[in-house]
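The next block holds one structure in the form of structure tokens; read it before the comments.
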């Protein structure tokens, strides 16, 4: 009886640990953005957060969901992508509202054709449908434009995936692109630090959160035998995070921090 009770207790503990790990996997990725969201709402200032973070994570997680249709991986990883997409859309909505409310007398930019009723646009737009000017891409004035762009991307990539779903090469490439895109999220920050020879203006706490989260995620991939793309790119992401932490140590030890104005420190592609 004692042996049976011990085995039951062990199984229950293992189940709880498994549920906890799955829950951490699903929601852990969005935790760093919760204080960022609250801070933007409190200060009504979105300068410290780059909306390109949202762009990269939306692309990566949409591709990951499409990859799931070709190769069924762990359900927590699928739910993680769904939760991350919802989170990034909420971040985009808040940032767009705050930015537009703080900018006065500007020409409104749209993903779709300009509305003829817009008082600020007196002449017909140069483009009949989409505004793909790189100077204004992903700098639109309405949240609806971002949603249209995301839906367009999802529709096009979804249709291509449907046509090539029987190709194992295409499916594996799709999975690699999904996780590789996310793994590269910290590279612009790494390059910016190297270019400036300084980590001034970068949140070290946030980098520590990236590192711990990416390490947990990579271990989860390996232990649960996720597709090899996940494990390889997870290790790459941890390497980038550690490299940024090394920059913090090196530049603070051997290079005095330069007094640079806020405008000279554009937000990285990871949330600061």
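Backbone N, Cα and C atoms are what each Cβ position is placed from, and that goes for glycine too.
Note that the structure is a prediction, hence the values are computed from the model and not measured.
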From 206-228, 229-251, which range did TrEMBL mark with transmembrane segment?
229-251
Transmembrane segment per TrEMBL: which of the ranges 49-71, 118-140 is that?
49-71
Same-chain residues near the transmembrane segment (49-71), Cβ under 8 Å, at least 6 residues beyond its ends:
36, 40, 77-78, 80-82, 84-85, 88-89, 91-92, 95-96, 138-139, 146, 150, 153-154, 157-158, 161, 165, 170-172, 174-175, 177-179, 181-182, 184-185, 227, 266-272
